[in-house]
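Chemist: For reference, the structure I am asking about is given below.
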Amino acid sequence: MLRPCLRYSPRAVRSPRCPQYSYRNSLQSPPVNQKSFLPLPSPPSIRGLQTPSTDSQDRIPLRKQLKQDAKSVKARRRERREQEEASRQKWELTVGVEIHAQLNTETKLFSRASTSPSELPNTNVALFDLAFPGSQPEFQAATLLPALRAAIALNCEIQPVSRFDRKHYFYQDQPAGYQITQYYEPFARNGYIDLYGYDGIAPEDGDQVRIGIKQIQLEQDTAKSQELPPSTQLLDFNRVSHPLIEIITMPQIHTPATAAAFVRKVQSILQSCNAVTTGMELGGLRADINVSIRQRGDDSGSHQYGGIGGLGQRTEIKNLSSFKAVEDAIIAEKNRQISVLESGGVIEGETRGWTIGSTETRKLRGKEGEVDYRYMPDPDIPPLLIGQELVAELSRTLPTAPDALLNMLLSPEYGLPIEDAKPLVELEDGARLEYYQYVVDILRELQQDLDPKARASLGRVAGNWVLHELGALLTKMDLPWDAERVTAQSLAAIIDNLQRKQITGATAKQVLGMLFDGDRRPVAQLLEDENLILRPLSREEYMALAEAAIEQNPQMAEQIRRKNQLGKLGWFVGQMMRTGEKGRVEAQKAEAILRELILGS
Amino acid sequence: MSLLLEAERYVANQSSHLALNAFITHSGRWLGQAKDADLRRKQGKTKSRLDGRLIAFKDNICTRDLPTTCASKSLEAFRSPFNATVVQQLEDAGAIIAGKTNLDEFGMGSHSVHSRFGPVKNARCSDDLSHLSAGGSSGGSAVAVATDQCYLAIGTDTGGSVRLPAAYTGTVGFKPSYGRLSRWGVVAYANSLDTVGILAKETSTVRDAFAVLNQHDPRDPTSLSPPSRSRIASKLELPQLSSRLESAPLRIGIPLEYNVSELAPSVRRAWYRSLEYLRRQGHTIHPVSLPMTKSALSAYYVLAPAEASSNLAKYDGVRYGTHPEGPNSEDESESYLYARTRGEGFGPEVKRRIMLGAFSLSAQAIDNYFIQAQRIRRLVRHDFDAVFRAEHPLTSNASRIEESTTKAGVDVLICPTAPSPPPSISDLMNASAAISPLDAYVSDVFTVPASLAGLPAISVPVSGKGNVEHHADNDLAGIQVVGQYGDDDLVLNVGELLEGCAI
């Protein structure tokens, strides 16, 4: 089955269609098609539109009822906000996040088998991946590179010596009976990322919040299992031992929105340094969330994690597969814990699950069902020694971080507004941004002769065309991004012609549409062939058009003159555009002539 | 004698000694290969000194053409799709696979009685004519060699599993330094201790096989790398080390802690004879102390089961391990699926060690058991480093080099392989006998320290005959030669020297 997967964008630009992809860690969860990464408030429940009204006394006019309903919805929202705020004042939420991300590597972690996901099931497996008796691991040093890029991008300290451990539990998707991970000595520690307002953090967190990363470890993925009812499980070992990193944060997040923003930002950082294959929407990333609450100011809690003490008992929500799920699950779990504590209960340390679209987390297993993983150093795998030179070289060649890119786009050099800069950075793993920068470069070259003021607006204008004009065409046709469809040279030429008033805005859009639909002629020739170059009308021609328009509606002209209803000038401009030769009437000039004729100024 | 004739003789012995239960699987493909080897010999194109020789492999070593059962019910139906590196190396050298030998399930045991296919029997009998233990876990390999069912046998030695059977059967059993021989294709029991070992009637035969097998294998991450090998070799070429046994007499150490009161008289006599024999040849004897010896056995029985519990997790009935027929139970939950496969697939000794290992790795016990045992393991290694003249070639510690030049260390240690002669199988198997499973562990007390330190060690048969009239056979005891890490050739040479006083 194919279906479109939407990428994050305020204008919902569509990205390549993608095959369905299900993902399972140690727990089952259905594949999720996430419509949007934006954390949306759940729709308010609107009831009462169809209130049964048998009694004539109750009969009220529809208009009035609609008004009342809207009022009560507002009131309920306000009430809920107030409740939330009251409970927020009383209870402090603490969240820690664990993110698993599939590394972008050629081979598996401990064999030379390919990681290509598209092959036939059970074809990309080596003896060790299947845990054949007598087989041994062969660590693939190249898999370390994306892991290191990720760790550096997340500001971690790379450990010169790290080791691999075995984590034991029985599950059919894990042929060895254990997962090889880095429990005692991970390869990266003590990182952080900064989240800003534009990352979507909660208002309570202010302009900026720093989330510490406790450690990052390398580990194996499991096989993919697929249920075949009634009683068969199909196993595809192609995914087994695909290299993963697990990113573990400090418990330093205190709002659901910030937790979602954190996961979103980690994904964008991992994608920007080419560390991962796919994002959350394709199952390349998934999160486990630890949630605890305590009364504000009360740090007598007996629980501690990562050196932070005084916390309440935490529960873990496993295997969240979208940003919205992260936020919703935390809200639900926080509310559950508050209501348990407020009714005199005790929070149990347990593992919970979350189903998309639900309003409550559900218990998966309690403490008595807790697995003792019996971590043991793997006796076959030598310690991982990472040289400083390698780390230095990777740091040097790391692509620019998304925050730095944003700052660049917001700076006077490009002068973009944040709502344009963000999608540019995030769309198509930076491909759109690359295209945009190319367009701007060409435009700068073309417009060297123009005055500084015109040139200063160039970045903003180009942004508009790349994101909105071109974006709208893609959305309309439901097509993936393709930098070659309308080349950067062509788009720059269109914008240049427009800026120089060689063509009108309408013509520019028309030309863009023609190129988009496959016209391969150079822009200059196309304008020539199609006779689209603006041949300015003479003053006399404008006069004639304006007079004809006024003649059609002298009353309106009169109103403008007497009541100074300037807004009505637009109607006459429209008339002139319609009656004049296509692509030749410039709105500004038309209006100037009209003012002159009607107002005498 | 032609290779064919020799092979026929071995195969005939395999039939006549079926009752000893040395083999799990016999190979049927030796005839043509022996003829080919004879032809090569005639043409002067012999591949190696092992060309055309019948070699038996312990059944925890993977072979493509024969089943690999590890003597476990759980692997009854298992066929490996590949050859272990040691199998491939010997086949490439012209050797013929004689078959797969019996063992303690997954190598866990000291008497080769914990086998799905029944106990291995030693050809040697006690005074009341009941069969003696062949030692374990490579008992099948040792008996096959002792009774001429093959020319040479390959076993595995995790805590003494080649040396103990050699001692009990009167054969030569060699455990090389850890990392010398490839473990690729050897079904893991305890990876950090598992070593492929060689059993033969004479040390020179063992040396021939060692020459073929002592190669780096990129598929085994614990195989000694070529740089490490040349580093070891260059250290051994230093004059003070290369002269040993060539032009200078040996300094022989006797670990005082091994002279325990429980030592059987025949074993003590054999030890004494060996030392006397070497002393008469001009070598000097020096008492040394290995203070961690007592703790070593306990550490081994924490570490090895811990690794075993991890390694054996894969036999869960999904991919490996035979899933029993019939419904799992009333409750079809996953835990029952695994529980029944593992409950029925493993024998009692394997289950005991899995439980032991799972416990010592559990969150509440790991600090007191596994971590402590690892500490003791390091101390055992220090013990050995402190007594050997040659420094450990792979520790680059400057202070140690200084120390070693000032101290007068020994070249090899000579000690018994086992504290007592083999017990009778009926005693071991008799549930009412007052032998607890732990008693079997004690027989490993002299072999485990070298395993923990990864050192080369060989067991050679030496007569412990006293004044009282006895069946000469029953007085054979295994005497062990232990050398510094990498000193495998010296250990082999001293073993060969001791063969002089074998009978």
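Counting begins at 1 with the first residue displayed.
Cβ atoms here come from the backbone N, Cα and C positions, even for glycine.
Copied straight from TrEMBL:
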DOMAIN    B:17-492  domain 'Amidase'
ACT_SITE  B:K58  active site, charge relay system
ACT_SITE  B:S137  active site, charge relay system
ACT_SITE  B:S161  active site, acyl-ester intermediate
Chemist: Quick one: Cα separation, B:S137 (active site, charge relay system) versus B:S161 (active site, acyl-ester intermediate), in Å?
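Modeler: Distance (Cα to Cα, whole Å): 5 Å.
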Chemist: Return the residues near B:K58 (active site, charge relay system), defined as same-chain residues 6+ apart in sequence whose C-beta is under 8 angstroms from its C-beta, sorted by sequence, else 'none'.
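Modeler: Once residues fewer than 6 apart are set aside, B:K58 (active site, charge relay system) is near B:K100, B:T101, B:L103, B:G107, B:S137, B:S138, B:G140, B:S141, B:A153, B:I154, B:G155, B:T156.
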Chemist: Relative to the Cβ position of B:S137 (active site, charge relay system), how many further Cβ atoms are located within 10 Å?
Modeler: 38
Chemist: What is the Cβ neighbour count of B:S161 (active site, acyl-ester intermediate) at a 10 Å cut-off, with all protein chains included?
Modeler: 37
Chemist: Please give the average pLDDT for the domain 'Amidase' (B:17-492) in this predicted model.
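Modeler: 91, rounded to a whole number.
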